[in-house]
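**Student:** What follows is a single structure, and I will ask about it in a moment.
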Amino acid sequence: MSFRGIITPLITPFNEKLEIDFDALRWLANHQLRGGVHGIFPNSTTGEFVHLEREEAIRLTEALIDEVGGKIWVIPGISHNSTDKAVELGNIFKDMGADGVIVTPPFFFKIDAKKLGLHFSRIADRVDLPIIIYNIPSLTGINVPIELYIELAQEHSNIAGAKVTYDSFSYLRRLIQGIKSVRKDFSVLTGMDDLLLFNLMMGGDGGITALANLIPSLHRAIYDAWENGDLRRALEENYKLLKLSSIYDIASSFPTAIKTALNVMGTPVKPHVRPPLTEEPGSVVTAITGVLRELGLHD
């Protein structure tokens, strides 16, 4: 299976007691459906997966499959420091009907490329689903080598793609050129909102980008304009996305940036996050409100 298009790494809405707010979650899933995204990625970085208990991740994913499964892809995260536990979660999601899974490198012990390859290979051998390998070196401390992506793509047909949250044109270009030379169906998806259009221009396949939580139709408009050969429209829409991306510079984290913006926009999603993250102070809320107002997303 090849993943091409826009996939949203969903935030996890919490109520005042910091429990999962399933009503807000269902609203968010349908907001994505209405906005035209091709898939969603629960149990994600933006979704505070490191703050979720295993059973919460399972219930979260099950609720999303029940709500939008079969209409858009549901591709949950299975990242874990333990290979076996990642496999276990992957097979639970497979039995639920997930369309694939997404996995980062282990993020505690700093392992070399050989051990990293074994981690991903063992998951691919034991989880019969399309797998997207998620490279986010700023948080894992490991930058997945391009050569390892190419090797794994050739050895495992179910290793289906890469999510690259790494601010490097050179890395992205070399990955796209290298991987497409051996497997044209391998999906290269950027995790950086401001690189979405550039990823497509370099021969990539789209994005798994967090600002789609806010305006999924904007990301879809950029993708569709590029696919239809309308570069002028793609650039116009991309300019709006670049402006929106500035909320990352204002907030202290991805989850708080997205949740604050959704709350300011008047959606059912509240700004609550689990410790050690904290809600943004009033000055940040005001600054994010200003960005949204410039884009016509707040009165």
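One-based numbering along the chain as shown.
Placement of Cβ uses the backbone N, Cα and C atoms for every residue, glycine included.
Curation does not apply to TrEMBL; its annotations are automatic.
According to TrEMBL, the feature active site, proton donor/acceptor maps to Tyr134. Taken from TrEMBL, the feature active site, schiff-base intermediate with substrate applies to Lys163. Look at TrEMBL and you will find Thr46, Ile208 tagged as pyruvate binding site.
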**Student:** Fill in the CA-CA distance, Ile208 (pyruvate binding site) to the residue listed as 'active site, schiff-base intermediate with substrate', as an integer in Å.
**Tutor:** 7
**Student:** In the three-state scheme derived from DSSP, which category covers Ile208 (pyruvate binding site)?
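**Tutor:** Assignment for Ile208 (pyruvate binding site) reads strand.
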**Student:** What is the interatomic distance between the Cα atoms of Thr46 (pyruvate binding site) and Lys163 (active site, schiff-base intermediate with substrate), given in whole Å?
**Tutor:** 14
**Student:** I'd like the Cβ neighbour count for the residue listed as 'active site, proton donor/acceptor', meaning other Cβ atoms within 10 Å of its Cβ, all protein chains included.
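**Tutor:** If we count other Cβ atoms within 10 Å of the residue listed as 'active site, proton donor/acceptor', we arrive at 27.
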**Student:** What's the CA to CA span in angstrom from Lys163 (active site, schiff-base intermediate with substrate) over to the residue listed as 'active site, proton donor/acceptor'?
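**Tutor:** That separation, Cα to Cα, works out to 5 Å.
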**Student:** Taking DSSP as the reference, which of helix, strand or coil describes the residue listed as 'active site, proton donor/acceptor'?
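**Tutor:** SS state of the residue listed as 'active site, proton donor/acceptor' = strand.
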**Student:** Within 10 Å of the Cβ of Lys163 (active site, schiff-base intermediate with substrate), how many other Cβ atoms can be counted across all chains shown?
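**Tutor:** The answer is 29.
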